[in-house]
Structure formats: structure tokens, C-alpha cells
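Novice: Before I ask anything, here is the structure I am working with.
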There are 2 protein chains.
Amino acid sequence: MFTGLSAFPFTPITSDGIDEAAYERLVGRVADAGVDSIGALGSTGGYPYLNREERARAAELAVKSAGSVPVIIGVGALRTRDVLDHVEDAQRAGAAAVLLSAMTYQALTDDEVFGLYEDVTANLSVPLVVYDNPGTTHVKFSDELHARIAGLPRVKSIKIPGVPADQVRARVGGLRSVLPDSVSIGISGDAFAADGLLAGCDGWYSVLGGLFPKTCLAIARAAADGDAARARALSAELAPLWTLFARYGSYRVVSAIAVEIGLLTAPGLPRPLRPLGETGRHEVTAVLNGLTKRD
Amino acid sequence: MFTGLSAFPFTPITSDGIDEAAYERLVGRVADAGVDSIGALGSTGGYPYLNREERARAAELAVKSAGSVPVIIGVGALRTRDVLDHVEDAQRAGAAAVLLSAMTYQALTDDEVFGLYEDVTANLSVPLVVYDNPGTTHVKFSDELHARIAGLPRVKSIKIPGVPADQVRARVGGLRSVLPDSVSIGISGDAFAADGLLAGCDGWYSVLGGLFPKTCLAIARAAADGDAARARALSAELAPLWTLFARYGSYRVVSAIAVEIGLLTAPGLPRPLRPLGETGRHEVTAVLNGLTKRD
């Protein structure tokens, strides 16, 4: 479950909950493509913007729609009490694992971040993926902190942020050297995934995989087969998408793509976030039209 | 209400709510000292860690315990929907004004930040204070963005972060030049308050004022009287406290002080935040013992 392609579908958010039918379609489409796992309620799944009830409902729908594909469910929150509530709901819904970020308002010390994972793993009966996402949480995990957390029971994988191609081998090698063998490393930041997998990452926690799972599976399989040229070439074809992700944020771009290709009838973003404006939507259309192959 | 000293009391958080008796004492103590306003559920009030019910209850208790002192209530949240719920609760509790930060998980564009304030002020019947706190929200307000927001109805004050003494006059002057006269500027970052007030800030949104209101009032009054030497000297006497704020974060230090001086029986911090350890507590004790005058 913690290797290969883990696809993170978008959660369409409405003013009074989530668009359940659309969410089931998005998850089902990803499961049907044969991904190795599904990440529900990751950042692309909008977890920080949903209340407990909405998150519990999304977890249920994701597990139901995923069929036999294991579902990893995001449980992060600013307060440990709320994380534990989300863990309870995720487990009840049938989560195969949980994904835990270290969300912050007040900056956290390393001991506080470790304490969060300690408190949560002590109350957990499924595996946990450490979600290292400095772009949203502003927490910087050192290798030493990762190693401390990886020593806790039930910690089975680390979702690391993207690393530039010329640094990824050193980054992954350095982190690997301090982790138990039982803990996998998964790359995120889709633009960096091919190089990350080729540099020794065990898996790819993918935003685009939630929309175009077959396209992303082709990259992941090429990398797993050691076909570096093919993995890089397939990723390079998607470079215009990576550019849009960097320009507008992948969350807004994924929403716009889903509308553009008819998977959603509304952007499904929670205010204060706003959908892409006309310029951005035109760029999305142009990029999609330029892709020779995609799901 | 948007000038002088606005004191921000700590909210003692327990595993199942807030310590209501202790909170009433903290607010009452500040009100009795004669502060110009009270800021309930600011960052020191732990607003991002409390659920809707707890925040509504804290708002009620703060207004009740504040007597005739106007209470400004923090309403920030990651999602606009939740902000509007907090606004409703704050107004029902008798808020004299609301304080709104631009909390983020996904980074927000300037248009999204403006849109947040636009959506909220359209649903508001009391004045609003813009809470500019890049240290926790990671939003950088340009003067241009402040000016756009200050043009919205009911925006009456801006709570700006601390600015080093050698830059504060330019900062305040630059911001003032783009704001309507009806919008006050209040400084926060207690270490910078004396210089901020002397540089033309209308008020001081104060963390320490929530614990030692008389001590802080003396600084604010000296600055208002144009007695720069006295304002700076009084602030300088507190420099060891400002050092602890910088080292451990004012939120943890205020909790430790409140315990040390008997205002609280427990630290009242929500996990994953942890109380100061033994070293930090000893430093707090030493600093308090070294202060010649305080409430």
C-alpha cells in the first residue's frame, strides 16, 4: 500500500457539505484505473476546510467507492484532540491507513511535532503515513525528527515534498539512511515524481493521479521497471501542467481541470479560496488540448 | 475602542472545553485595571484551537466579565463559512467588534484575502479589526492590500505585527498614507509597542496587557502623553520578558507566567502545544523575580 502510485482525489466542496455523487465518481474512476492506493482527504481533498461530520462522510464514501483499493485517510488538524476524533472516524469508515500532517497556527517545536505523532500512534490501530508538507504547514522536518517519528509504532511511510532533480538522490539517500527498513518514502510534488521514483522513492503520493490515474501509472510503472528515459519523457510531456500547478497552486488547477473535462459541474473550492479566473481557465484548456495522451 | 491599550487575555484550555472560572478571573482582572478594550480569542486566546461551541462560550464569558469595557472578539478560521459562524456567535454574545485574521492552509492570493474580508464585512453589524499576523498565518499584507480592505464598510482598525524601532516610523507613515482617517493602526508584538506608539500608532494590541494590564497601561499612557523617555524606559525594564517571548513564543510564556503567579492552576495549552519545560519555567521565575514593578 505504501509503494507505487497513491492517487489523491479532489473533494468537491459545496456550501453545505460535499458533492457526494461527484466525489464517488472521482474516487471510483481512480480505483478502476488500478492505482496502488487512494489518498482521501489529503490537501487536494481539502481536509483542513471540512468539519468533522463532512470528513467522516467523505471517508465513508471514499472507502465505499474505492472497492478493493486501500484508502489512506487524512486526519490532520490544528489540535491533537481533533486529530484523534478524525482518526476514530477514519478507522470506523474502514481506512487502511491514516495520513497525518503537522498543521500549525503557533509554530511548533520539534518536541511538539514528535509529541503529536506519539499521541496519535498511541491511539491508532492502522498504519500511519507521516505527511511532511512545509508549503502548507510551515513545519520543517529534519532527518533527525523524521527518524524519531519513524521509530514510533505503526509509522509505515513518509510523504515527502518535491525535491529538485539535482538534489533528490542525496535527499532520499540521507533520509533513507536514518529510517527503519519498514518505513517507505513516497515523493509528492508531481513535477518531481519521476526523478523521485528513479532516485529510490518507494512510492508517489500524487495530486494528478487523482484526476489522470492511468497517465500517472504509466510514469510510476516505467520508473519501477528502471526505464528512466521513459519515466522522464512521460513526465516531461506533462510539464505545462506542472507549470500551471506552480503558478496557481495544484488545488485550484485540479478543480479547474475537473470542471473542464466534465468530472465536476462546479469548482468545489471552499472560500476564501476562489476558482481560477478566466485567464487561468483558458490556460488550463490550452494545456489540456496540448496533451497527446491522458485518461 | 481602537486606541490606547487593548489587552488580550489568555484562554485556559482544558481537555473538554475551557476553564471558565479561571477565564472569568483573567478577563475581570484586565477590565478592572481600566484598559481601553479587551481582545478575547486572539492568538493568546487560542482561537484556532477551539471549536465553535467553545469559542461561543468564551465570547459570552468575556463580555460578561469585561463589564463596561468593550470586547473585541477573534473570529478567524480557515474557511469563510466558519468565520461567518463565529461572527454570528460573537455578535450574539455582545461583541463590540470582531478581529479577523487571514488564516491559511493553502496559500491565499491577495484577491482571496480581500474576498474574505469582503464576504465577512457584508455580514457584519459591528466594526472589524484586520488582524495582520504573518508569523502565524503566513499571509503578507502589502500596504495596497490593507488599503483595499480598509475601504470596506465597518473596517475600523488594523492590528499590525511588530516592527523594529528603526523601521517603525516609515512603516506606520507609509501605511497611514494609504488608509482612510477612520481606520486606526494598532501595534502588536509587545517588545515593539513603545516605539510603535511613539511612531504614531493609535493603539497597542497587547499580549502582556492580558496579564499585567497596569504595567502595560503605564507604557501606553506615557506614550500618549508624549513622554518618549518614560515609555521607552518602562518597556526596557520588561526586556527580559520580551527575550522569553522571542525564545519560547509569547503564548507558552504567558501560560507559564499565569501559573507562576497563581492566576492559573494548570498551563491551559492545547496539544500539540506543550507547556514550557523545567528550564523555561526557571527562566520565567527568574525574570519575574527581577521585575521591580508589575501588577
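Using N, Cα and C of the backbone, Cβ positions are placed for all residues, glycine too.
Feature list, courtesy of TrEMBL:
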type	residues	note
ACT_SITE	A:TYR131	active site, proton donor/acceptor
ACT_SITE	A:LYS159	active site, schiff-base intermediate with substrate
BINDING	A:THR44	pyruvate binding site
Novice: State the three-class DSSP label for the residue listed as 'pyruvate binding site', counting H, G and I as helix, E and B as strand, and everything else as coil.
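Specialist: DSSP assigns the residue listed as 'pyruvate binding site' to coil.
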Novice: Just how many other Cβ atoms lie inside 10 Å of the Cβ on A:THR44 (pyruvate binding site)?
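Specialist: If we count other Cβ atoms within 10 Å of A:THR44 (pyruvate binding site), we arrive at 26.
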Novice: Just to verify a number: CA distance, A:THR44 (pyruvate binding site) to A:LYS159 (active site, schiff-base intermediate with substrate), in angstrom, no decimals.
Specialist: 14
Novice: Between A:TYR131, A:LYS159, which of the active-site residues has its C-beta surrounded by the fewest other C-beta atoms within 10 Å?
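Specialist: Relative to the other active-site residues in A:TYR131, A:LYS159, A:LYS159 has the fewest Cβ atoms within 10 Å.
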Novice: Please report how many Å separate the Cα atom of A:LYS159 (active site, schiff-base intermediate with substrate) from that of A:TYR131 (active site, proton donor/acceptor), as a whole number.
Specialist: 5
